[in-house]
């Protein structure tokens, strides 16, 4: 007997509470989008007139070590001050590893529902691993068309012990091989505002590291749904691997949306709220969203770097001295996290929590 997806409680329990996910719904033979996933008109993504973001030609990071260092640093700074997004190549992560990463993401989500649902927040054997669907489905007007698994990093041995078997080794290698690049980018951005971060401060501001694997199943009516709604990331920097299907959109200054085109072997970097706050607004956290598609299932793998929950965050004193005013207050990052995860995606509204009164 099939699932009655017309009954919204049955649907929600099947997808979210029992951990079958959007993928389980599609695998059951679903041919139309159920009402709880239909987005309001204002949130739908009109793909037929999508712009391509020309400002994201990949930056070659291998040139940081040579005479072109200043030019590359300038490109990074300009992207951080304007779009909040840029792509990089020669970033220190092998293309072979990136391909393995995409394969392992597909392998994880191809498992039987019970193999994934064991990591639902309420029953997960480890506080480091969480599997789920959408962002905060209990509170959303419309559920996002996405399943995911989050893997929090504490140390290598705990990752290899607790992260899901199909992806633990490759996800850990991705994280570890990306961190030098991340620190180089942060140092360039700090140097540009006249700040040198001591190692202890850097570790505090980037002490939370998480690898996510996102799965966007093929959708019968992409024009009705979103993979991820409008939001900015809460942390310092996000490093993202996207596959060849595409669907990542960034909001431009003029209010229009443009797609960040997939580039084979490249990684996407975007500025998070924390860097916007530290820089007193000089750097821009990027408002972005993800569309769905009917041409195949898409995967993406972001690394999120953010402060330790116990870290105090606010505009850096050197920057406030230069600007003459602090545009954001100082706060405990745990409080920012609670606010961020306590409400549905709504553009950059989460930043209101940090604004100076």
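From the backbone N, Cα and C atoms, a Cβ is placed for every residue, glycine too.
Fair warning: this is a prediction, and the values are worked out from it, not measured in the lab.
Straight from Swiss-Prot, the features:
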- 206-307: domain 'Fe2OG dioxygenase' (DOMAIN)
- 216, 298, 300: 2-oxoglutarate binding site (BINDING)
- 231, 233, 288: Fe cation binding site (BINDING)
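The Cβ neighbour count for residue 298 (2-oxoglutarate binding site), using a 10 Å radius over every protein chain in view, is 27. Same-chain neighbours of the Fe cation site beyond 231, 233, 288, judged by a C-beta within 8 angstroms of the site's C-beta center, are, in sequence order, 228, 230, 232, 238, 270, 285, 286, 287, 289, 345.
In the predicted structure, the domain 'Fe2OG dioxygenase' (206-307) carries a mean pLDDT of 96.
Per-class residue totals from DSSP over the domain 'Fe2OG dioxygenase' (206-307), listed helix then strand then coil: 9 helix, 43 strand, 50 coil.
Rounded to the nearest whole angstrom, the C-alpha distance between residue 298 (2-oxoglutarate binding site) and residue 233 (Fe cation binding site) is 20. The Cβ centroid of 216, 298, 300 marks the 2-oxoglutarate site; residues of that chain outside this set whose Cβ lies within 8 Å of it are 146, 214, 215, 227, 242, 243, 245, 247, 290, 297, 299, given in sequence order. Cα of residue 300 (2-oxoglutarate binding site) to Cα of residue 231 (Fe cation binding site): a span of 16 Å. A gap of 19 Å separates the Cα atoms of residue 233 (Fe cation binding site) and residue 216 (2-oxoglutarate binding site). On a Cα basis, residue 216 (2-oxoglutarate binding site) lies 16 Å away from residue 288 (Fe cation binding site).
Listed in sequence order, the residues of the same chain lying 6 or more apart from residue 216 (2-oxoglutarate binding site) and placing their CB within less than 8 Å of its CB are 22, 145, 146, 227, 247, 290, 292, 293, 297, 298, 299, 300.
Just so you know, the Cβ of residue 233 (Fe cation binding site) picks up 25 other Cβ atoms within 10 Å once every protein chain is counted.
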